[in-house]
């Protein structure tokens, strides 16, 4: 097997394993002694943690989920200095693949029976590693929308969609990727990566289908609406 392909496969597996770390399960279990899978939407993600336990535990979970989406790309692109892992050729960057692997790990975590969250924070974290301004704007937008509407699901979908739009606009003004030393990333490569990002966003939106139904029925829980009694105090 070509060594480049082997390294890419190894990096994808490692990215998945990092993304699969279930902070949405660990934090409620560690600090409140509860299994988040038995509360709220029973989803293992920062959205459910924020809804069930409030901002004190939801925000750290969200940030850690972001971090695990960014970490694989940061390690491979900037710390290891191994361009052969994210370049198909001299100008084709595939680093978003590792962020996508982390997002899939979050959705289907091997550590908790292939259950997980909806990959909003993890996907945004991957974007931060590529373009911090757009990624951080996505996080800011999430909190603004979520806390103004009191619906985490609305904040998640709006932020995810907005990040994809901002990334596409970035391509048009040719400011999408952070430069990698001594490498020139092609415009075509940017388009390929943006298609991948768009597919991730579509997956995130699809994962919220039950939330859309509850919103239409008026049964979607608001932030802090149904905190667990005697636990959140």
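Every residue, even glycine, has its Cβ placed from backbone N, Cα and C.
Taken from Swiss-Prot, the feature transmembrane segment applies to 7-27 (among others), supported by sequence analysis.
Annotated transmembrane segment per Swiss-Prot: 94-114 (among others), in sequence order, evidence recorded as sequence analysis. Sequence-distant neighbours of the transmembrane segment (94-114) (same chain, 6+ residues past either end, Cβ-Cβ under 8 Å): 8, 11-13, 15-22, 25, 37, 44-45, 65, 68-73, 76-77, 86-88, 121-123, 125-127, 129-130, 189, 192-193, 196-197, 200, 203, 207.
The transmembrane segment annotation in Swiss-Prot covers 127-147 (among others), and the record cites sequence analysis as its basis.
Within the same chain, residues 47, 118, 120, 123-124, 127, 131, 134-135, 137-139, 141-147, 187, 190-191, 194, 197-198, 201, 204-205, 208, 211-212, 215, 220 sit at least 6 positions outside the transmembrane segment (153-173) and bring their C-beta atoms closer than 8 Å to a C-beta of that stretch. Taken from Swiss-Prot, the feature transmembrane segment covers 153-173 (among others).
The feature transmembrane segment is assigned by Swiss-Prot to 185-205 (among others), with sequence analysis given as support.
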Intrachain residues whose Cβ lies under 8 Å of the transmembrane segment (7-27), provided they are six or more past its termini: 35-37, 43-46, 48-49, 57, 60-61, 64-65, 68-69, 71-72, 76, 82, 84-85, 94, 97-99, 101-106, 108-112, 116-117, 122
